[in-house]
Each structure stands twice: as C-alpha cells, then as structure tokens.
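Shown next, in structure tokens, is the structure this report addresses.
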Amino acid sequence: MSFKLAASPHQRIPTRTSKLMFTVALAALPGIAAQYWFFGAGVFWQLLLAIATAVASEALILKIRGKEIASTLADNSAMLTGVLLAISLPPLAPWWLVVIGTAFAIIMVKQLYGGLGYNLFNPAMAAYVMLLISFPLQMTSWHPATGFGAHGYGFIDAAYLIFTGFSSEGFSLAQILSGIDGVTTATPLDHFKTSLTQGYTSSEIIANNPQGMLAGIGWDWVNLAYLASGIYLLQQKVIRWHIPVGVLGGLFVAALVSFLLSPDNTATPIFHLFSGAAMLGAFFIATDPVSASTTVKGRLIFGGLIGLLVYLIRTHGGYPDGMAFAVLLANMCVPLIDYYTQPRTYGHSEETPLEDGKGESS
Amino acid sequence: METTLNLVKLGKLWDFPGGIHPPVRKSISTSHPIKRLPLPDHLYLPLKQHVGRGGQLLVAVGDHVLKGQALSSGEQGALPIHAPTSGKVEAISDYPSAHPSALPETTLVLRPDGEEHWCERNPIDTPLQQPKSVLIEKIATSGIAGLGGAGFPASRKLDGAPESLEFLIINGAECEPYISCDDMLMREHAEELATGIELLVHILNPAMVLVGIEDDKPEAIEAMAKATEGLNVLVKAIPTKYPSGGEKQLIQLLTGREVPTGGLPYQCGVVMHNIGTTYAIKRAICDGEPLLERVVTVTGEAVEQPGNYWAHFGTPVRHLLEHAGYKSKHGRRIIMGGPMMGFTLPHANIPLVKISNCILVPSEQELPMAGQEMPCIRCGQCAEACPASLLPQQLYWYSAHKELEKAREYKLFDCIECGACAYVCPSEIPLVHYYRRAKSELRQQDAEALKSDRAKQRFEARNERLEQAKLEREARHREAVAKRQAAVANRGSQNQGAQEAVAAAMARVKAQQSDQPPAAIIDEQGNLQPDNQAAIEARAKRKEEAAKRRAEKAAAKAKQMEAESPTSDSLASAKDPRKAAVAAAVARAKAKAEAKKAQSAETPDEETSVTEPSPEPSADTPDVDPRKAAVAAAVARAKAKAEAKKAQGAETPDNEASVAKPSSEPSADTTDVDPRKAAVAAAVARAKAKAEQKRREAAESTSDQTEQEPKTQPAPAPVANENAADAKKAAIAAAVAKAKQKAMERQAAAKSEDSSEEDA
C-alpha cells in the first residue's frame with residue numbers, strides 16, 4: 001500500500017480564482033443590460049471585441065513567455081479585463097479603439113509585469129486612461145441615453161458604426177451622436193460641468209434638464225444596476241465590502257461637504273453617487289484584488305482615496321469623470337497603504353500604525 | 001485582572017479574528033461508544049513521541065517486559081515510554097516515525113504475549129493531601145505528554161506555572177473537523193475528567209477553572225457540566241469556529257488575553273491542558289497507570305466502521321484500519337490528525353504515538369486533492385481567515401520568493417500553521433507548506449549564523465589565548481634565562497676545575513696533533529666541517545688516547561718481552577737468561593693466543609691489513625676518513641719510532657711484540673662498528689703489516705745468512721742485524737709470523753673485497 005502525500009490542510013473551500021473572475025463578469029450583466037437599453041447595441045460589439053482581443057493577447061504573450069496557455073486562460077482574468085474595459089468605453093467607439101485598449105491592458109499593464117497577480121495597476125483602467133489621453137474625441141463620444149429603440153439604429157447598425165464609422169443607412173457616427181431629438185450629446189456629468197462654467201447654479205441645471213430621477217436619464221439606471229450587482233457580489237463573498245464602502249463613502253462625504261459649503265455650484269452627493277462610473281468603479285473596478293490594498297484598514301483607505309479623487313477630478317479636473325485616474329492614483333499608493341496598515345498580530349503589543357491622514361472614510 | 005475574572009464569571013466570551021467554518025463531519029465517528037481494539041501482533045514504540053528528545057533505553061532486545069513497565073527513562077525534558085502491554089522486546093531499530101517526514105526513529109518493537117501482566121502499579125491514594133511536587137513527579141514519570149497537539153510534556157506545563165495562576169483552562173474545543181476523540185472521552189469519562197481537573201487544581205491552585213467546548217458537542221458539554229457540579233469549574237460552550245481549539249485562540253476566546261509572541265500561556269496567567277491529557281493525569285495519579293493508550297478517531301468515508309478506539313501506542317495504523325473496515329478502493333490518502341493540520345502517511349505501517357488523535361481516510365470526493373496551484377491574486381481572503389491577524393499573502397509572497405527576512409518581518413513565526421489561509425485560498429496555494437519551508441530555512445539560517453558567531457568567538461578566544469600563552473611563555477623563558485645566568489655565575493668557580501681539565505686535554509691533543517704532520521690534514525678537514533670541529537677534535541682525541549693506550553700496552557708487552565727476551569736474545573743481550581726464557585715463553589704463548597684470537601675475530605681490518613700490500617696507505621689512499629687514518633698512521637709511525645728507539649736502546653728485537661701488536665689491535669677494533677675507526681685500525685694494521693713484512697724478510701734473510709737486508713731497512717735493521725746471529729729466535733719469530741700470516745690469509749680469502757676497495 002502506498003498513499004498519496006499532500007500538504008495540510010486537506011480540506012478547502014470549493015471557490016476557485018476562475019470562478020471568482022467569472023462571477024464578477026457575470027455580475028456585470030444587469031449593468032450591461034441597462035447600458036444596452038439606454039445606449040444601444042454598441043456595448044454588445046464592444047464586449048465581443050474586447051474579450052476576443054483580451055484572450056488573444058493573453059494567449060500570445062503566454063506563448064512568447066513559454067507558459068501554459070489553456071490553464072492560464074481558464075482563470076478568466078483576461079476575459080474580465082476585457083469586459084470591464086468594454087463597458088467603460090462609449091458604445092459606438094470605433095473597433096480599433098477597444099482593440100488597442102484591450103491589447104494594451106493585457107500586454108503592457110498585466111503580462112509585462114508578470115501576469116496575473118503581479119500587475120501594479122488595474123489593467124482596464126490603465127488602458128482606459130491611455131485611450132482617453134490618446135484618443136480624447138473618440139473616448140468622450142457618448143450619445144444620449146434615449147431608451148431602447150429610440151436611437152435609430154439596431155444591432156447590425158451598431159456593428160456598421162463600430163467597424164466603418166457609418167450606419168447601414170449611411171449616417172455618420174457624428175450624425176448619430178448629434179441626436180435624433182436634439183438632446184445634448186454630453187453626459188450628465190459633462191453637461192453639469194459645462195453648465196456650471198456658464199454660470200448656472202446646480203439647481204437651475206437640474207431644473208433645466210430633467211435628467212431622470214437621480215442623475216440623468218439612463219445613467220441612474222445603469223448605476224443602480226451595478227449597485228445591485230455589487231450587492232450580489234458582496235453577498236456571494238466574491239468581493240469584500242471595504243473598498244466599495246470606501247469609494248462610495250469617500251465620494252459621498254466629499255460631495256456632501258462641498259455641497260453644504262456651496263450648494264449653488266456643486267452637484268448633490270446623490271447625483272455624484274449615481275453618475276458616470278461611480279457604482280461600476282466602486283464594485284467592479286476598485287475591487288480588483290491584485291492592484292488593491294490587501295489589509296482591511298488599507299482597503300478602506302484605498303477606497304476612500306478613490307472616492308475623494310473621483311470627486312476632485314469631477315469637480316476641479318479637466319475631465320468630466322475621474323474613476324480611471326482615481327483608481328490608478330490609488331494603485332500607486334497601495335504599497336504605502338499596505339505597509340502602514342498591517343494588522344496587529346496576535347501576541348504582539350499594540351503598534352501605532354502611521355495614519356494615512358486622508359482617511360475621511362474611516 | 002479582577003475584571004477579567006468577573007467578566008468571565010458573568011459569562012462573557014471574547015472572539016478571535018478570522019477563523020473559518022469548514023464542514024465539521026464529526027457525527028461520522030460519534031455514533032458508537034469508544035471501542036477497544038484487539039492487540040496487534042507487534043507494537044512499534046518510538047522512543048521519541050513528543051516535542052523534544054527521546055529518553056534513554058532501559059531494556060534490551062529479548063527482555064520480557066510487563067504492562068506499564070518503563071522502557072526508557074525521562075531525563076532533561078525527555079519523557080519515558082512504557083510498555084503498553086506485557087510481552088517480549090523483539091528488536092530495537094530504526095523505524096519510520098509518525099511525523100510528516102516519516103523519518104526513521106529509534107523504535108522498540110514489542111511482541112505482546114497477550115497476558116496483559118501488569119507491573120506493580122503505584123497509585124497515589126490521597127493525592128489531594130500530597131505536595132504538588134509529588135504529583136508533578138508522578139505525571140512526569142508516567143510519560144504524559146499533551147495529547148492535543150504538539151505533545152508538550154504535561155509536567156513541564158505544571159512545573160513552570162506561576163504561584164498565583166488565574167486560569168486553568170481545559171481544552172475540549174476539538175475544533176478540527178472529523179476528530180471526536182475528546183468529545184467521546186468527555187461523554188463517557190466525565191467523572192474521571194472531573195477528578196483529573198481536581199488534581200490539576202490541587203497542583204496549580206488557579207483562581208478559576210474553565211472548560212472550553214465547542215457548541216457543536218452538546219452531549220459533551222452536558223456531561224462535563226454535570227460531572228463538575230460542585231467544583232469551581234465553569235464549562236463554557238464556545239462558538240464552533242476553526243481554530244478555536246488552538247491554545248492561543250482558546251485563551252483569547254475565554255479570557256480575552258493573548259499569549260505574548262514567543263511566550264508561554266502562563267505569561268498571561270493561563271495554563272491549558274487538553275481533555276485527553278487531563279484523563280491521563282487522573283489515570284496516572286489515581287490508578288498508577290502510566291500513559292499507555294489513547295482514544296483515536298478512525299474516520300473518513302473510506303472506512304466502513306468509523307468510530308473511536310482505545311489504541312495502545314505503537315499500534316500500526318494498518319491494524320486500526322483493518323478493524324475499522326478500510327475500503328482500499330476509495331481511500332488513497334491516510335491522514336494522521338485532522339483535515340486541517342494532519343499529515344499524510346506514506347504507508348499504513350506507521351505506529352500510533354502519543355500525539356496521534358485521528359486517522360482520517362477520506363474518499364476523493366470527500367476531500368479532493370488540491371488542484372493546480374494558481375497565482376496569488378492578493379484577494380486577501382487568507383488575511384481575513386487568519387486567526388493570528390497575519391497577512392498570509394505577504395508571507396506567501398516573501399516565502400515563495402525567498403525573501404526570508406521580509407517574511408520574518410511580517411511575523412512568520414507567529415503563524416500557528418492552522419491552515420485557515422490555505423483553506424480559503426481560491427488559487428489553491430498550499431500556503432502553510434510555504435510557511436513551514438520558510439520557517440525551517442530561517443531556523444537553519446539562524447542556527448548557522450549562531451554557529452558561525454560561536455565559531456568566530458571561539459576563534460577569537462583561541463587567538464587571544466594563544467597570544468596570552470605566548471606572552472606567558474616568553475616571560476617564563478626570560479625568567480629561566482635570568483635564573484640560568486645567575487646559576488652559571490654562581491657555579492662558575494666550581495666548574496672552573498673541570499673546565500680547565502677539559503681545556504687542558506684539548507690543548508694536549510692539539511699540541512700532539514700539531515706535532516704530527518697529519519695536523520695539517522686535520523686542519524684541512526676541519527675547514528670542510530667547521531661545525532663539527534669540537535666533536536672531531538674530541539673524537540680524534542679519544543682515538544688518540546685509545547691508540548696511545550694500545551701503544552702503551554704494546555710497549556708494556558714489548559718491555560715484558562724485552563725482559564723475557566734473554567732466552568732468545570741471550571747471545572745478544574746480557575740479561576737474565578732465566579727471565580728472558582720465561583718471557584719468551586710467555587710471549588710465544590701470548591702470540592699464539594692472539595693469533596688464535598685474531599683468527600676467530602675475522603675482522604675486515606685484518607683482512608685489509610693483509611691483502612693490502614701498499615706500504616703507505618695512511619697518507620696516500622683516499623680513505624673513508626683520511627684524517628683519522630693519517631692520525632693513526634702518525635700514531636703508528638710514532639709508535640714505530642718509539643719502538644725502534646726502544647729496541648735500539650734496549651738492543652732487543654721486539655719482533656715478537658710487533659707481531660703480537662697487529663694481532664691484538666684488530667681484536668680491540670673489531671668491536672668497534674665505526675668504519676672510520678676501522679679504517680684507522682686498518683691503517684695501523686697496514687703500517688704494522690709493512691713492518692712485519694720487512695721483518696719477515698729480515699728473518700728470511702737471516703735464515704739465509706743474507707747481510708743486505710739491514711741496510712735497506714733502517715728501522716728494524718738493528719734488530720735484524722742483531723737477530724741474524726740468533727737463528728733460533730728468528731726461526732721462532734718466522735714461524736710465528738708465518739702462522740699468523742697464514743691465519744690472516746685464510747681470513748682474507750673468506751672476506752669480501754669491500755674494504756680493500758675502500759682502501760683502493
């Protein structure tokens with residue numbers, strides 16, 4: 001008789017990394033559905049392109065690095081990166097934008113650092129920032145959320161627009177974006193910022209542009225969908241609450257303070273929470289474990305920092321939304337945060353961890 | 001302190017961070033009472049069954065031992081082992097041990113005789129009236145190790161406890177899945193356990209006694225609560241969460257305190273004993289039974305009758321599995337211990353030891369083997385599960401990438417290896433395995449560093465010592481020199497006489513040598529060997545003295561013969577004829593005797609002296625030591641001269657003497673091994689032989705009535721001339737000479753030519 005030898009423990013939870021990744025991607029479906037509803041079928045093609053590019057780039061690099069391809073691809077991390085980038089891009093962005101972005105995310109941001117688990121930055125957000133800086137026009141070409149069937153193009157038209165720049169009927173992307181019913185092409189955040197610079201007060205902006213119940217037609221629904229998905233992920237213990245609470249808390253507190261100080265030229269905290277990429281960022285992007293802080297306290301700080309930065313960039317920066325920048329900046333702080341937020345180990349006397357100073361969330 | 005006690009009394013429970021909730025699966029093995037196994041064919045008893053060292057063997061192969069008899073002695077932290085049953089010691093050899101490495105350990109093989117003959121049991125009748133040292137001693141000699149985990153000797157936990165202990169905690173948490181041996185023991189032996197607790201209370205005198213039991217064992221909680229009624233014992237049901245049974249975690253759960261890192265529980269006012277240990281203490285003290293057996297849980301889906309068994313130590317796992325109905329088709333792993341911290345066994349012949357609480361044989365579906373290890377995604381679930389509040393992902397990172405010092409910085413050594421981190425890891429990284437490896441590497445590094453530090457210290461100490469010794473030696477040396485100098489100064493006067501005598505002798509030798517022509521040769525040689533000058537001179541002196549002595553002897557003989565000569569020389573000399581006759585007779589006799597002696601001596605010197613015809617070898621031949629030869633030659637010449645003078649003066653033919661001399665000399669020289677001396681002797685002999693030859697010629701000539709010889713031979717001439725008249729004497733001399741010559745020739749024929757070659 002001879003028996004198998006194994007290191008203890010011999011018992012494990014059945015959750016696997018691949019399953020975690022897949023669950024996250026799957027949890028994005030309600031949000032994707034909302035985007036599809038309000039912004040058309042473009043998101044479908046973007047997802048297809050992004051996932052294909054992500055898997056292909058990962059396979060290519062793995063082959064070059066002489067690593068096992070099939071088993072590594074099976075961890076679903078490349079697919080998830082593709083999904084997250086695809087749902088962050090304007091639905092009708094040209095095909096090469098998403099291809100370049102995804103390839104950049106996988107090759108430059110992830111694999112060149114050593115693959116899964118070794119990247120310092122969130123691949124999807126790094127790619128997003130790269131695209132935003134390199135192709136600002138294409139990256140800000142969001143068209144108004146008009147509701148299903150109202151955009152004047154279907155599934156096939158979306159593909160035409162993405163791959164050729166023209167719909168099957170010959171309308172250019174610009175024509176499509178300029179709106180069928182003359183609604184402004186800017187996103188609510190963009191619009192708000194522009195209006196503020198034009199001297200309107202926040203209440204006037206809201207009053208002039210009835211954009212839905214929370215933060216503009218469509219966007220609030222998209223954000224609500226991601227919030228629901230996030231809660232599902234929390235419940236499934238796929239993600240921990242610290243980072244989302246940190247992000248949303250940071251954003252909310254910063255917006256609240258600002259709103260209380262000068263209500264006339266600030267959007268309400270609720271507007272901030274349900275605008276742009278707030279919920280997507282809080283539950284799906286900032287929670288990327290690899291590039292986030294790993295200590296409990298550190299995660300709160302990490303999330304809070306992202307929320308604060310999002311608010312600052314939205315309010316005072318040059319871009320309407322700041323999630324990607326905020327995440328990247330917080331990624332940079334992770335080693336520092338982790339170092340100073342080590343938990344007190346059993347049997348060790350209480351150490352005085354250096355407070356980060358930015359812990360408005362704590 | 002008081003508040004903690006009060007809070008505990010009020011029912012407060014604390015919590016420890018992290019922890020996991022694996023499926024407990026304990027009911028598999030709790031459906032039957034504890035069963036007793038039949039004796040196996042052999043028991044394999046490793047000397048070392050616990051943390052620390054093994055004891056010294058007390059029995060030999062072939063000994064018959066009784067149940068309970070000590071097989072090894074416990075000294076210096078080692079615990080004794082006892083014969084679990086009566087039988088014969090069949091072998092003492094290395095055998096795979098119940099250790100993750102399965103490395104062989106010295107193991108005693110006992111063949112049970114089935115009689116179960118007990119040795120004399122010495123229970124302590126009134127333990128609560130005994131001083132605690134007696135009880136502790138009993139616990140130690142009964143070989144009781146902690147039966148919960150690492151097997152820390154129970155007596156040492158009791159010995160090291162402070163006088164004013166706050167908590168005695170009896171650990172009945174048994175948090176690891178599958179294991180139910182403590183549960184069953186509490187259910188079935190709660191009364192004995194209560195007695196054991198009383199004994200421990202007597203020894204430790206704690207302010208409070210707590211029994212911590214996980215709330216998934218209601219029967220055990222009830223039984224213990226009932227058994228300890230009336231005692232100052234609180235039975236605490238604690239939430240089921242792994243690893244609540246870890247010593248540190250249970251202390252934290254029940255008291256809110258933490259054992260300081262690297263410290264022992266009593267440093268936070270706690271002593272903890274396991275249920276099994278408490279039971280063993282009761283058995284040892286009240287029944288006089290040393291630790292011979294324990295309850296083992298045999299469980300898993302691959303055994304048909306999972307349950308708890310009383311098993312003797314040394315029972316092979318195979319024996320247990322056979323009785324539990326092991327289904328070999330399903331179980332491909334045997335785990336000793338639980339699924340969280342147990343280790344897999346390479347084969348089923350490993351014996352049970354004091355720390356073996358469970359044999360788990362799971363099916364593949366039940367506990368699947370770990371899949372492929374994936375990269376760490378830093379999800380941090382491990383950090384949330386860690387009961388010690390470590391950062392397992394950081395520890396993994398530094399352990400896997402060999403940044404061992406960083407791993408230490410992240411408090412690697414506070415890891416209790418509970419496996420909670422690896423349990424939750426979605427990437428199936430065998431985290432604990434990495435930590436164990438890093439720990440052992442660090443320990444090795446530290447040991448090496450310590451060793452090299454010590455070696456360095458030793459080396460430095462040695463250098464210092466050597467330096468010190470050198471200084472001391474030098475000091476002593478200087479002192480000795482000073483003393484010697486003083487002594488020399490004191491003794492100077494006394495030694496003067498002796499020194500002067502030596503100096504005088506040296507001077508004489510020198511004077512003598514300088515008189516002789518070979519003195520030049522001595523100088524010449526002296527230059528070649530300047531260092532040996534003194535020795536050479538001394539030796540030369542000795543030689544010279546010896547030669548002188550010989551010459552004196554010869555001279556005396558000659559004188560004697562002179563006196564005797566009248567018999568032969570009666571015509572020539574006017575000496576007493578009677579005396580001369582006597583002397584002549586004596587001389588003849590001597591000559592004969594000496595001739596004989598020479599024959600028997602058979603020295604090479606003689607041989608050369610005969611075979612070497614060259615008349616002047618001393619000066620011309622490149623001898624081994626020409627200097628000596630020269631000296632000898634000089635001596636010989638001097639003698640010859642002296643003799644000639646004497647002969648002239650006495651007008652006596654000293655041919656007899658001269659004939660006798662060469663024969664007497666070899667006899668003296670033969671004893672000498674020194675070739676140089678031999679050479680000297682040879683030279684002397686040659687010189688003599690020459691003289692002899694001449695004489696013989698003279699004798700012949702006298703017998704032939706020839707008058708020419710004396711002219712050519714000035715030295716012996718007078719003798720010859722004077723002898724010429726005496727035919728008789730000449731004839732005698734000739735006869736003697738001939739006899740000698742013959743003898744020498746005979747010897748020479750028998751000799752090798754080495755010496756002659758040397759001379760040549």
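Placed from the backbone N, Cα and C atoms, the Cβ positions cover glycine too.
Annotation source TrEMBL lists FMN phosphoryl threonine at A:THR187.
Look at TrEMBL and you will find A:20-38 (among others) tagged as transmembrane segment. Sequence-distant neighbours of the transmembrane segment (A:20-38) (same chain, 6+ residues past either end, Cβ-Cβ under 8 Å): 44, 47, 75-77, 79-80, 83-84, 87, 91, 145-148, 217-219, 221-222, 224-226, 228-230, 232-233, 236, 238-239, 279-280, 284.
Taken from TrEMBL, the feature transmembrane segment applies to A:44-62 (among others). Sequence-distant contacts of the transmembrane segment (A:44-62), counting only residues of its own chain at least 6 positions beyond either end whose CB sits under 8 Å from a CB of the stretch, comprise 32, 36, 68-69, 72-73, 78-79, 81-83, 85-87, 89, 91, 93, 95, 98-99, 101-103, 105-107, 110-111, 115, 155, 158-159, 162.
Summarising the annotation, TrEMBL assigns transmembrane segment to A:120-139 (among others).
Under the heading transmembrane segment, TrEMBL lists A:213-234 (among others).
Within the same chain, residues 230, 234, 267-269, 271-273, 278-279, 281-283, 286-287, 292, 296, 299-308, 310-312, 315, 360-361 sit at least 6 positions outside the transmembrane segment (A:241-261) and bring their C-beta atoms closer than 8 Å to a C-beta of that stretch. Residues annotated as transmembrane segment in TrEMBL: A:241-261 (among others).
Residues or ranges marked as transmembrane segment by TrEMBL: A:267-286 (among others). Beyond the ends of the transmembrane segment (A:267-286), by six or more residues, the same chain brings 24, 27-28, 31, 84, 87-88, 122, 124-125, 187-189, 192, 202, 206, 214-216, 219-220, 222-227, 229-230, 233, 239, 243-244, 246-248, 251-252, 255-256, 259, 292, 302-303, 306-307, 310-311, 314, 320-321, 323-324, 326-327, 330 to within a C-beta distance below 8 angstroms of the stretch.
Sequence-distant contacts of the transmembrane segment (A:298-317) (same chain, six or more residues past either end, CB-CB distance under 8 Å): 189, 193, 240, 242-255, 258, 266, 272, 275-276, 278, 281-282, 286, 292, 323, 325-327, 329-330, 333-334, 337-338, 340-341, 356, 358-362. TrEMBL lists A:298-317 (among others) with the feature transmembrane segment.
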